[in-house]
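Noted in TrEMBL for the protein shown:
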- B:H110, B:H114, B:D299: Fe cation binding site (BINDING)
- B:M133, B:V134, B:S135, B:G136, B:G137, B:D166, B:G179, B:E183, B:N271: substrate binding site (BINDING)
- B:22-305: domain 'Gcp-like' (DOMAIN)
Amino acid sequence: MLVLGIETSCDETSVAVLKDGKILSNVVASQIEIHKKFGGVVPEIAARHHLTNLPIVFKEALSKANIKLNELNGIAVTYGPGLIGALLVGLSFAKGLSLSLNIPFVGVNHIIGHIFANYIVYPDLKPPFIVLMVSGGHTEILKVSDYENIEVLGKTVDDAAGEAFDKVARILGLGYPGGPEIEKAALTGKKDRFKFPRPLLNSNDYNFSFSGLKTSVLYKTKEFQNESIPVEDIAASFQEAVVEILLKKTFKAARNSGIRTIVLAGGVAANKRLREEANKLANAYNYNILIPPLQYCTDNAAMIAMAGYYKLSKKQFDDISLEAVPNLTI
Amino acid sequence: MLVLGIETSCDETSVAVLKDGKILSNVVASQIEIHKKFGGVVPEIAARHHLTNLPIVFKEALSKANIKLNELNGIAVTYGPGLIGALLVGLSFAKGLSLSLNIPFVGVNHIIGHIFANYIVYPDLKPPFIVLMVSGGHTEILKVSDYENIEVLGKTVDDAAGEAFDKVARILGLGYPGGPEIEKAALTGKKDRFKFPRPLLNSNDYNFSFSGLKTSVLYKTKEFQNESIPVEDIAASFQEAVVEILLKKTFKAARNSGIRTIVLAGGVAANKRLREEANKLANAYNYNILIPPLQYCTDNAAMIAMAGYYKLSKKQFDDISLEAVPNLTI
Amino acid sequence: MKEIIFDLGEMTKKAMETFAFEFAKNVDEHNLILLIGEIGAGKTTFVKAFCKGFGVDPEIVSSPTFTLVNVYETLSKSIYHVDVYRLTNVEDLFYLLEDQIEDNDSILIVEWADLFPEFFQGDRIEIYLEHSSDHLRNVSIKVVGESERILSFLRRWRNAKKIKI
Amino acid sequence: MKEIIFDLGEMTKKAMETFAFEFAKNVDEHNLILLIGEIGAGKTTFVKAFCKGFGVDPEIVSSPTFTLVNVYETLSKSIYHVDVYRLTNVEDLFYLLEDQIEDNDSILIVEWADLFPEFFQGDRIEIYLEHSSDHLRNVSIKVVGESERILSFLRRWRNAKKIKI
Amino acid sequence: MNILALDTSTKRISIAYKNETNVVSVTFEGKDKHGRNIGILAKYLKEIGVNFSTLDVIGVGIGPGSLTGLRVGISLALGLAVEKKIVSVPSTKLIAANLMYCSKNIVVARKARQGYLYGAVYDENLDEIISPFIETIEGFKRKVSFLKDAIVVGDGADLLFEYEKAEEFLSFPDPLRMLNIVEDEIKNQNFVEKLNPLYLQKSIAELNFEKRKGGRVEKT
Amino acid sequence: MNILALDTSTKRISIAYKNETNVVSVTFEGKDKHGRNIGILAKYLKEIGVNFSTLDVIGVGIGPGSLTGLRVGISLALGLAVEKKIVSVPSTKLIAANLMYCSKNIVVARKARQGYLYGAVYDENLDEIISPFIETIEGFKRKVSFLKDAIVVGDGADLLFEYEKAEEFLSFPDPLRMLNIVEDEIKNQNFVEKLNPLYLQKSIAELNFEKRKGGRVEKT
Ligand SMILES: Nc1ncnc2c1ncn2[C@@H]1O[C@H](COP(=O)(O)OP(=O)(O)OP(=O)(O)O)[C@@H](O)[C@H]1O
Ligand SMILES: Nc1ncnc2c1ncn2[C@@H]1O[C@H](COP(=O)(O)OP(=O)(O)OP(=O)(O)O)[C@@H](O)[C@H]1O
Ligand SMILES: Nc1ncnc2c1ncn2[C@@H]1O[C@H](COP(=O)(O)OP(=O)(O)O)[C@@H](O)[C@H]1O
Ligand SMILES: Nc1ncnc2c1ncn2[C@@H]1O[C@H](COP(=O)(O)OP(=O)(O)O)[C@@H](O)[C@H]1O
Ligand SMILES: [Mg+2]
Ligand SMILES: [Mg+2]
Ligand SMILES: [Zn+2]
Ligand SMILES: [Zn+2]
């Protein structure tokens, strides 16, 4: 089965072609450089670029896959979560294509797409497994019991983990994006110097909270009114708090559900201290840890096509009136 | 359940209200007088009168039934066979009403309506039974195995029985409609004087043919070039041929299907010679013969509502896009 | 107006049905066909086979006794089959034909057309059926108006018959 | 243009959420709300409770870190929630707000609005949040432009507080 | 106020619907007959949110035009309109409305039977100058000959060379303009009790007979 | 030739379709967003016989107008139009087409951001006199002040008192008139390779900034 994947939920315009679950092409046009100067993704600009780029990316994906239009058997497209204006470009294009080629189309949840990316990277991976999804927009613990059975065990109630990194970097006068900056500063800092709060650490659920942590850091810096602020120590102590919160809940989820495989996904998973601690805990408790390389964690259409391939095989077609859902959850 | 019936397939505009299969009202506006001068039903005139009469007949039926519009639970309407222009008036009106009241509607086959009329006249009648349907437009033997299971065992391959009466009357210089005229003339005629052909009489099926019989009568009259034509004898001999053909096939059908009840329906069933012979045969072979009074055999909406009541009870609703089918068969 | 008459001689029912079927396929320029002949002459029989030539199921073609007009839908146009025997004046006829009047692209075929000669004028084809014996009818055709196709068809048919006889 | 400033004093998180919730129900004449205050001052916390006042599930309200604009649909209108901290010039801001610009009947609520004072002019409400202790924020409100309803709400709220203290 | 307006007098079915929040319109021209298509359209109108059971007013184009088509639309409307208000509009006016804001007199010319035309004339406010009629082409021309500065619209326009001719696709009723006209009638409380098609057809039969007879008389 | 034409630049979605035998059109105005409605309409069109897989040409109204609405229509069209021909038409021209046969100059005025209008001016043949622009109300008035005998159409018409105003329901594109314009473009082989919305919005942002700044300067 030849499946076309389309992803335009945020700042990457991407189209991919999969043949029976194997990538034939996966073209990504990133808008990162365009949005950089704004310090974030500007929805209107993102939508404009998707509209301009999509037909070009689409043509390239077809030609790289070396297939003809009418060979396609189905279309998979992200319908949420994401920026409404950006989502609509991909979704409407997919609808037009589905009508024009008279082939079925399916809407894919972007988060589920990220999970299905793992099946591309690790062809032997099979459910069940636990996913810690940590990025600029998401901080979630997911339980993947089966291909279709994915459950959100917990998520952040306020700021995302990546957002906490960015904001603390701002407080400490470090650059953007904050994650790598904090990581660098922490290298020479004392991680035990300050004991920042670990909100919800021992709560009974798997939820996170990072906005109180951010405020604590702010108050800590204020204590050094006339002295110079110990940036490295604060960075290291803050990073330690985040890592502890993230991993404690993740391993608790794995233990309680009896699942032995844990996948760390999203931009924050690039953090070396997080990886180090995760591997240490996995060795100690005998878990299997998978940390996909960053390029498979960023947004791409191959993962959408992969998730779509699954739905299409099961004939779970969507109606042409499917709507974009910016706040789509699992 | 309150069911509204609408019948506009030919020259009667009729609306009826049935409550759980019992008649609350059954209003019929006949156009017979209007069409009489044309010697037949003029489609365009029929359609015009249906359109004018239907809203009036409808109001009267509601007020006679003493119910309110929004008490209705369903609508039954004739969708064929019949004159296309006439059918469309009733059908479109029914669709509008169904949309407006947001209640289901069902299309009823006019012939099946005639069969369901028998359930009104004979509340104890239950399938199976055989029907000989003989009118100006129809000559058919029907096997009613069940309310929904109705089979055409045989029908005329050319002229209808009523049509044969009319045309022979024309040949003999008698008036229109021909049936009663022939019957009257035959009273004093010798029915054995001429042996007219009985086409298909011994064929293996239950089909009829009357156009050859009509031609034979024509040739017979030509034999009397200079003499006066023995109108009464020809009429009686012709009537005898028709009666024999009709009944032989009907009783054969009953015998072969092992069914003991026979219903004679339609305008030609008024013919006394036919009734006499039918009763004689029934007594001889021990069949149960039902000949409903003429007023229950002419077109009316109660019979349509009755057939519709059955479909509605079984939730066999029709789609609003149901088309009129002028040549609808069973 | 040009008028040409073809006498096609006697035909059995079967032969007439074949003729009517082929005739239908060559009639496209004409949309007014008149049938003239006594009771039982074979007018309805002709119409049945004629309609079959247009792809209409002959089962649904019957004498328009009660309804005066039967309408048969073909893939391309509607055929209006009329029996005017019972009509008493031309006004009635107008009523009868009002539906057809607005359907410009239809065929009108009329039994007993000779009863209203003043009405059925203009380009037309008249078909005369006469009893010659129990099983034979004499068929002759009058074509009124220009129409090369039907004329050449009728010529071919007449010549074929001549050769056969 | 008329400007009135209300100092509502210190509030706990809970008190501020109650205030924001009620505030939302009285804001209908205004569609430009500016939030001014340091990191962690409680701007997003305010927006969450404000949106709840419009029937928006507070779960979906989050800081527009990545997307700069979040849009929440209420029964009557859309709420555009913007964080302008990272923007470097006004042109960027125009881009950011283009979607909102055409949606005449929407509410625009802006974190870090003080960074672009020249942009956010006209009828508006400015909300100042200041850290006073770990668990308390000082809240003051500046109403610019005519709007009796919100003024009387704020007066009632201030008086109620005074009586309590 | 919930309004449904429909016209089936031409080969185009035009339907418009309006409620407090939505305005919906459809047109359909095809090979199949109106009897079939109108049901399909009604079904899909229902699916895109038209609520037939809460209508307040039904507006109907009453012809002149295709007899069977007209009756399909009018009988559907009669069914919809039971215990509701009805507005009726000549379909010629609906066609003239396609030339709103044209400062000329608007001559509507629709094909009737061969050699005949339905017609009507409206001024720029869509007020009737000549009400709907049926005529031979010559008779039609005589009837409108007094008009200066006129424009002809309708599927019979090509038979009248003397005047400017509107583009062909403007020959049939437009649903939203129909809705607008119906709303005007509602404002003026112009409701009717009965819906009678503007047949006009009796006349064509008579005229036709005269003509044919005339023709024959000339020949003999 | 199978043609689909659509415009989503206003609060009305307009779609028209034509093949050898059928002409179909729909319009939809409602509360929900175009992203939702266009799918429902496409589904409906499919069910009444529109064959999206055999289209030869897609015609699209490219604005100016609602940004998200426009993009929904254009990206759907892009999906439909892969390996097919595309015609693009300014949506202002589609609105002007509602006044075909009006002998005046046609000024299209659509609401943009508060205090601003999209505009364009066409002559009676729908030829562009002023191509689509965005202006303050005052700027708009200055821009069209040289016109004599003009009529204003569009949802911004009530902000321009000087000229005659067309009825409100004519403010949005009509699908069949759009189809007609697209067919003309096809005749002239006016196909495009890419579909770019007429955003014009960069300018409103700039203008707005100037204005606000101006306002503030005056105050201080
Ligand atoms: N050569 C023939 N052509 C036509 N019919 C024939 C021929 N030979 C015998 N017949 C018979 O003559 C009869 C013709 O009947 P039909 O109903 O077609 O006549 P009609 O002209 O339509 O009569 P009516 O005036 O009653 O309408 C049929 O029974 C047919 O089988
Ligand atoms: N009275 C209070 N009002 C608001 N927040 C309070 C209060 N007391 C304590 N807090 C805490 O302060 C933090 C405020 O975080 P929040 O993300 O809302 O701030 P913000 O102003 O949006 O920050 P940023 O500038 O990062 O966007 C939360 O952790 C909240 O619980
Ligand atoms: N080494 C790191 N440590 C912590 N956070 C990081 C690191 N690298 C990137 N991040 C954070 O991850 C976020 C980006 O995540 P990303 O996976 O790109 O998101 P998305 O999948 O939504 O595109 C940013 O908030 C950034 O600060
Ligand atoms: N006594 C009779 N004998 C024979 N035929 C009759 C008699 N009375 C009526 N008919 C014929 O019955 C036909 C009318 O049948 P009818 O039941 O009225 O038809 P429909 O049900 O279609 O209205 C006419 O052809 C008429 O000649
Ligand atoms: Mg006959
Ligand atoms: Mg915030
Ligand atoms: Zn992602
Ligand atoms: Zn009957």
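Each Cβ is built from the backbone N, Cα and C atoms, and glycine gets one as well.
A TrEMBL annotation is a machine prediction, not a hand-curated record.
Source: prediction; values computed, not measured.
All features noted in TrEMBL, drawn onto the structure.
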residue: B:H110; record: Fe cation binding site; DSSP class: helix
residue: B:M133; record: substrate binding site; DSSP class: strand
residue: B:G179; record: substrate binding site; DSSP class: helix
residue: B:N271; record: substrate binding site; DSSP class: coil
residue: B:D299; record: Fe cation binding site; DSSP class: coil
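Between the CA atoms of B:S135 (substrate binding site) and B:H114 (Fe cation binding site) there is a gap of 11 Å, rounded to the nearest whole number. In this structure, B:G137 is the one among the binding-site residues B:G137, B:G179 with the smallest number of other Cβ atoms inside 10 Å of its Cβ. Cα to Cα, B:D299 (Fe cation binding site) and B:G179 (substrate binding site) are separated by 18 Å. In this structure, B:D299 are the binding-site residues from B:G137, B:N271, B:D299 whose C-beta falls under 6 Å of some atom of ligand 8.
In sequence order, the binding-site residues near chain C (CB to CB under 8 A) are B:G137, out of B:H114, B:G137, B:G179, B:N271, B:D299. In sequence order, B:E7, B:S9, B:C10, B:T78, B:I111, B:G113, B:A117, B:N300, B:M303, B:I304 are the same-chain residues whose CB sits within 8 A of the CB centroid of B:H110, B:H114, B:D299, the residues recorded for Fe cation being left out.
Neighbour density around each Cβ, counted as other Cβ atoms within 10 Å, peaks among the binding-site residues B:H110, B:H114 at B:H114. Around the Cβ of B:M133 (substrate binding site), the same chain contributes B:I111, B:H114, B:T139, B:E140, B:I141, B:L142, B:A265, B:G266, each under 8 angstroms and 6 or more positions distant in sequence. Taken over all pairs of the listed substrate-binding residues (B:M133, B:V134, B:S135, B:G136, B:G137, B:D166, B:G179, B:E183, B:N271), the Cα spread reaches a maximum of 19 Å, rounded to the nearest whole number.
If you draw a 10 Å sphere around the CB of B:N271 (substrate binding site), it holds 25 other CB atoms from the protein chains shown. Taking only the Cα positions, the spacing between B:H110 (Fe cation binding site) and B:G137 (substrate binding site) is 12 angstrom.
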